[in-house]
Amino acid sequence: MVKICCIGAGYVGGPTMAVIALKCPSIEVAVVDISAPRIAAWNSDQLPIYEPGLDEIVKQCRGKNLFFSTAVEKHVSEADIIFVSVNTPTKTQGLGAGKAADLTYWESAARMIADVSKSNKIVVEKSTVPVKTAEAIEKILTHNSKGIKYQILSNPEFLAEGTAIEDLFSPDRVLIGGRETPDGQKATQALKEVYAHWVPEDRIITTNLWSAELSKLAANAFLAQRISSVNAMSALCEATGANISEVAHAVGKDTRIGPKFLNASVGFGGSCFQKDILNLVYICECNGLTEVANYWKQVIKVNDYQKNRFVNRVVSSMFNTVSGKKIAILGFAFKKDTGDTRETPAIDVCKGLLGDKAQLSIYDLQVTEDQIRRDLSMKKFDWDHPIHLQPMSPAAVKEVSVVWDAYEATKGAHGICILTEWDEFKTLDYKKIFDNMQKPAFLFDGRNVVDVEKLREIGFIVYSIGKPLDAWLKDMPAMA
């Protein structure tokens with residue numbers, strides 16, 4: 001029986017290993033983590049992450065060929081294939097701070113593998129890591145090898161949150177990068193055979209190590225770039241009276257461009273886009289490629305610009321002050337169907353409004369109050385470091401209340417900001433909401449989910465990203 005062990009029970013490790021266990025009943029899969037509360041959650045009825053379809057799979061396999069454990073060393077020493085999916089946060093201090101990936105957790109995992117291994121291992125990089133990480137890991141393992149052979153593979157994940165299980169069931173591609181040596185090829189083949197249980201052969205791509213590592217960063221950079229491109233156009237649309245939905249539809253009809261990822265919004269979020277681009281920028285700079293680095297930096301700059309622009313629209317529309325005004329924030333997760341708030345644009349928008357002394361009432365279908373308060377009190381890259389290094393009791397921001405109902409959030413509010421495209425927000429009774437708000441009642445749609453004309457008929461003053469401006473807003477400067 002092949003034994004697989006995955007170090008790191010997070011958004012990547014948990015779902016990926018659950019699907020491998022489901023699709024390969026002959027393989028024993030152990031997911032290990034040093035965090036006891038996290039492993040306890042994986043072993044309970046309340047999993048630590050929300051992902052449609054994940055619950056059923058875990059319940060079906062847990063205890064049969066899928067195990068969650070804190071006995072890290074035991075499972076690592078027994079495994080044939082070890083996946084490493086630990087955090088690779090952006091460094092907050094030292095060389096490359098704010099750009100480079102922090103490989104502390106990766107390195108300690110590698111040293112632990114070298115310490116406890118008694119048989120040959122295939123070590124698979126699953127976390128998003130900077131190019132050439134494999135080489136560093138290989139050095140640590142071979143210098144501590146005690147005669148044991150290690151093969152390093154790169155197998156980046158391409159999961160999108162909210163559809164992770166679908167993405168794992170029928171991936172666009174599975175990418176495996178390995179050394180071009182006989183042993184390297186053998187290791188690649190071994191991992192390929194695991195995926196071949198359910199993924200068609202032609203979708204499993206094998207490359208050299210560096211190509212696999214760079215493909216992941218490149219894919220995320222290209223996706224984020226599309227969002228920044230359409231968001232940059234949205235600003236121009238507002239200035240000229242064009243409609244971004246019409247422009248994006250026309251552009252997306254070109255088969256070379258395609259329609260996906262062309263929705264204008266308040267900005268992209270998620271744990272990877274910004275981190276991976278910063279990483280790409282750093283690698284380019286380290287290799288003396290300044291122009292390339294500057295090109296990719298611009299993608300993040302436009303994203304930051306879009307969030308600032310949104311906050312400025314809100315404040316300038318409301319007589320240039322939101323001080324003491326109740327503003328309802330609908331949606332806090334970085335996109336619908338996930339409880340994940342990592343790098344969500346809502347954080348910067350809320351902080352911007354709080355900076356102008358607004359009173360916020362926040363409602364999200366999945367995100368807990370504790371998480372929202374923690375996010376609003378954290379420094380920029382802190383979220384990606386272990387929980388015990390994050391600020392303990394979030395300084396209770398008095399100006400923020402978190403509620404469990406959209407009508408409660410909007411009651412008595414001066415304005416509403418929609419920051420996540422939850423389906424529920426399309427079907428709310430906006431007439432009822434309008435009647436319970438202060439007048440003039442403003443609605444700022446950061447995800448283009450509402451029917452602008454209908455809301456204007458009800459009486460709202462509506463701002464929708466990239467859409468022709470309400471007469472009210474035309475006289476207000478967009479960037480204060």
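Backbone N, Cα and C atoms are what each Cβ position is placed from, and that goes for glycine too.
Over in TrEMBL, the protein carries these features:
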- CYS272: active site, nucleophile (ACT_SITE)
- 8-13, ASP33, ARG38, 86-90, 127-128, GLU161, 272-275, ARG342: NAD(+) binding site (BINDING)
- 328-452: domain 'UDP-glucose/GDP-mannose dehydrogenase C-terminal' (DOMAIN)
Counts of helix, strand and coil residues, the domain 'UDP-glucose/GDP-mannose dehydrogenase C-terminal' (328-452), according to DSSP: 42 helix, 19 strand, 64 coil
Integer Cα-Cα distance in angstrom, GLY8 (NAD(+) binding site) to the residue listed as 'active site, nucleophile': 17
Protein Cβ atoms within 10 Å of THR90 (NAD(+) binding site), excluding its own: 21
Rounded to the nearest Å - Cα separation of GLU161 (NAD(+) binding site) and CYS272 (active site, nucleophile): 11
Cβ-Cβ neighbours of TYR11 (NAD(+) binding site) (radius 10 Å): 21
Site with most surrounding Cβ atoms, counting all protein chains shown within 10 Å, from the binding-site residues ASN87, GLN274: GLN274
Protein Cβ atoms within 10 Å of ASP33 (NAD(+) binding site), excluding its own: 23
